[in-house]
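Single-structure report; data block below.
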Amino acid sequence: MKKHNFSAGPCILPKEVMKRASEAVLDFDGLGLSLIEISHRSKEFVAVMEEARALSLELLGLEDQGYQALFLQGGASLEFLMVAYNLLDKRAGYVNTGTWSSKAIKEAKLLGEVVEVASSKDKNFNYIPKGYGIPENLDYLHLTSNNTIFGTQIKEFPTTSVPLVCDMSSDIFSRQLDFSKFDLIYAGAQKNMGPAGTTLVVVKEDILGKVSRTIPSMLDYKVHISKDSMFNTPSVFAVYTSMLTLRWLKDLGGISAIEEINEKKAKLLYSEIDLNPLFNGFAKAEDRSNMNATFTLAEEGLKETFDSMWREAGINGLNGHRSVGGYRASMYNALSLESVGVLVDVMSELERKA
Ligand code: PMP
């Protein structure tokens, strides 16, 4: 039986995508060859890369607006450095909303001055800072739209004339935003897109080429753009599987359709967290993430019972990150409302039993 997979990433992907991807490993579209044994320069794989890039821009509503989509390697973690290499000339602003923002700040500091314009570290990152001032003289402002570990999500993005860079690793393609507000978006594939191994970077071309440093080729967005995201051998399986997930999302009705389902799932779980006296939500209610719900047990003594109950119900991946403790239910695009229902039933069953 397939488990209800609440893992934070790598995580659940649509069943039909998994089936098609696994078939392609044996025989790619009837070629008599595997997807992972053909040349990345073959016309068949070039078509995959082009479709993945085009679908990314189409789903985000960013076609014909000067943006380029790239499928790179090195994870979102390498983007922490690449963003700074390509955009940080003198001074950049960062909003520190958790572990991943802190890591992005650390890398940027290698290359220039970093102004931490706001932080929620004072409360172990359980909220999103708001109403902070943004200096005008920044090369860019870096945000993390969804904080995977702490379960907070930016609901309203700041309005500023400074170029906006956003790490959307854990909520890309999950909700409708005006993506044209952002000059650079990046996201590791392993949440809402595909297996680990590739990172989507969507960049507005006209913000590039403004720094004075020499950029090593592999770290230079302009080089990757000039080679149509094929400067070196791409992660073919991860790109193909991401392309299949993007097709799946388009067939479903795009981001606005999945957003509706994601809202239902989050509402169902957060209502249970709020109504059931045995559970406490970790994140401040107004900043709660629709992707990662973090919560703790009111009585630690119930841990063993609760853990065996959810495991018996076929639930996987519910343990919280060590920096928060408790539980984290990740409800990415491919997780069904039914799976959230199973978790909520276990939580209310615990209340009946306790
Ligand atoms: N940013 C966010 C918001 C993340 O959730 C993660 C990984 N979970 C990362 C960055 C780092 O991604 P990677 O492991 O692909 O480097």
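Positions of Cβ are set from backbone N, Cα and C atoms, glycine also.
Any TrEMBL annotation is an automated prediction that lacks curation.
Database features (TrEMBL):
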BINDING   R41  L-glutamate binding site
BINDING   A76, S77, W100, T148, D167, Q190, N232, T233  pyridoxal 5'-phosphate binding site
DOMAIN    5-340  domain 'Aminotransferase class V'
MOD_RES   K191  N6-(pyridoxal phosphate)lysine
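Positions of TrEMBL features highlighted on the structure.
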residue	record	contacts (Cβ under 8 Å, 6+ apart)
R41	L-glutamate binding site	M230
A76	pyridoxal 5'-phosphate binding site	W100, D167, S169, Y186, A187, G188, T199
S77	pyridoxal 5'-phosphate binding site	K103
T148	pyridoxal 5'-phosphate binding site	A8, G9, G98, W100, S169, S170, K191, M291, N292, S330
Q190	pyridoxal 5'-phosphate binding site	G9, P10, C11, A196, G197
N232	pyridoxal 5'-phosphate binding site	M218
T233	pyridoxal 5'-phosphate binding site	H40
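In the three-state DSSP scheme, A76 (pyridoxal 5'-phosphate binding site) is classed as helix. For the recorded positions shown (W100, D167, K191), fewest C-beta neighbours within 10 angstroms: W100. Listed recorded positions: R41, A76, W100, K191, N232, T233. Those with a CB atom under 6 Å from ligand 1: A76, W100. Binding of pyridoxal 5'-phosphate is attributed in the record to A76, S77, W100, T148, D167, Q190, N232, T233, and the widest Cα separation among these residues amounts to 30 Å.
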